[in-house]
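Quick look at what TrEMBL lists:
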type: TRANSMEM; residues: 33-58; note: transmembrane segment
type: DOMAIN; residues: 131-188; note: domain 'Potassium channel'
type: TRANSMEM; residues: 134-155; note: transmembrane segment
type: TRANSMEM; residues: 167-188; note: transmembrane segment
type: TRANSMEM; residues: 194-211; note: transmembrane segment
type: TRANSMEM; residues: 281-301; note: transmembrane segment
type: DOMAIN; residues: 288-365; note: domain 'Potassium channel'
type: TRANSMEM; residues: 342-363; note: transmembrane segment
type: REGION; residues: 406-436; note: region 'Disordered'
type: COMPBIAS; residues: 425-435; note: compositional bias 'Basic and acidic residues'
Amino acid sequence: MPIDRISHLIAPVPAENQNQNQRPSFFHTFARFLCSNLGLVIVVIAYSIGGAFLFILLEQYIELQNCQQASLTENVSVSNISETMFSYVTITSEDTTIIYEQIADYLDNFTNDVYDRKNNFRYSGQDCDTTSGWSFPSALLFTITIITSIGYGHITPVSWEGQITCICYALIGIPIFLLCLANISSILGDMFRFIYSTSLHFMCCCCRIYMRSRYRKRRLRGENSFNQQKIGYVGTGSVDPHWPEANRQYDGDKLSDDEYDIDDEIDQEMDDIWNRMESRVPILAVLIIIIGYIFFGAFIFNRFEGWTMVESVYFCYITLSTIGFGDYVPGITSSSTSGLRFVAACLYIIIGLAVLAMCIDLIKESIVEKLEWVAHKLGVIKEDENLIDDEYTRYANFQYARRHDKNGSYDEPPAYDDTSVGRPWSKDVKDRYDSPRNFQCKQDINTINNKH
């Protein structure tokens with residue numbers, strides 16, 4: 001019996017190995033998860049937390065060195081000015097006015113030294129061992145203000161390593177956050193549209209029930225006044241049997257739904273109203289959401305930070321608009337709740353930017369719809385059924401001429417690639433007419449092209 005050498009030499013692949021080869025690798029599964037909405041949110045959170053630890057590692061030690069150096073310089077400056085002023089006051093015999101002027105000069109120099117230490121070393125008299133600007137909540141707020149492009153400026157890297165890292169961190173983080181923000185705003189927009197349409201549908205159902213009952217009561221009142229004796233009758237011979245009145249039956253105050261079937265009419269009217277209102281979210285509702293979120297944050301910061309309502313509203317607006325002046329920063333005052341206030345500010349910023357992006361998308365849709373309506377009214381944009389190609393027009397004219405030929409004969413249409421009319425008249429007609437209303441026209445064109 002002959003042996004198939006090829007099948008004999010190649011070992012059969014087990015079914016388990018084939019299934020393993022068909023399964024996606026862990027890398028592809030993990031990459032697909034990171035590209036999902038939940039994956040992008042996790043990436044942004046992990047990127048912010050990792051960046052906070054990275055900047056703490058790079059900047060906290062430099063901050064401690066600068067703080068200790070500035071504290072030592074301050075102590076030396078205070079000691080020098082104290083000795084100088086004491087010696088000058090006890091030894092000099094000048095006029096009191098001259099002494100006051102000299103002391104004022106000493107104090108001015110000391111004040112300038114204080115400002116120099118604040119600008120150069122970021123030192124304002126804090127305890128270097130227990131107070132640090134690069135705590136984890138503060139560093140987390142710093143990384144969030146980088147990727148959101150707000151940039152309060154309450155803390156900044158001073159080492160060259162930290163500055164270069166900040167540049168690279170922003171180059172990578174800002175696009176990731178914008179992509180995540182776009183996805184979150186899209187989800188929030190769909191949720192808001194669903195809530196708005198559901199509430200609107202509920203209101204329309206209530207209005208529909210109310211209109212039905214009101215219309216029936218009105219018709220009952222009219223029929224009762226017409227038939228006061230409440231006589232049940234059917235149309236007689238004096239009434240044309242084809243008239244609707246010939247088939248109406250009255251039975252006291254009760255009217256049959258089959259007689260006055262107005263439900264379809266009311267449903268159609270309410271559906272028209274429903275479709276017009278459901279197609280877009282009104283701009284007023286979107287503006288109410290923005291104003292409400294700003295005042296919600298203002299109330300929170302008024303309670304936590306001790307700011308006035310005007311200052312809180314100002315901070316929320318400047319933050320959500322990504323202006324970020326940095327004149328008001330939550331959590332910078334030393335207290336036991338500083339970390340909690342930093343975290344609350346971070347959550348408010350991220351959620352607020354997503355809500356603001358959702359509102360901007362909804363406003364954009366409403367404005368685009370209004371502009372399209374104006375353009376249609378002005379004739380700038382034509383309706384779809386009015387957009388007819390030259391090829392379709394030429395084909396229609398040919399069909400008209402063929403049907404109205406007196407001799408019963410007609411000329412054959414030009415070939416597919418005939419350029420005598422200036423260009424191939426039926427080129428790409430199949431790709432241009434895909435709607436159901438042009439289906440028969442496409443069949444005719446294909447039939448003519450096949451003949452030639």
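Cβ from N, Cα, C; glycine included.
Counting only same-chain residues 6+ beyond the ends of the transmembrane segment (167-188), those with a CB under 8 A from a CB of the stretch are 37, 40-41, 43-44, 47-48, 51, 54, 143, 146-149, 353-355, 357-358, 360-361. Ranking 134-155, 194-211, 281-301, 342-363 by CB pairs under 8 A with the transmembrane segment (33-58) puts 134-155 at the top. Mean per-residue pLDDT, taken over the domain 'Potassium channel' (131-188), amounts to 92.
Each residue of the domain 'Potassium channel' (131-188) gets a DSSP state, and the totals for helix, strand and coil are 41 helix, 0 strand, 17 coil.
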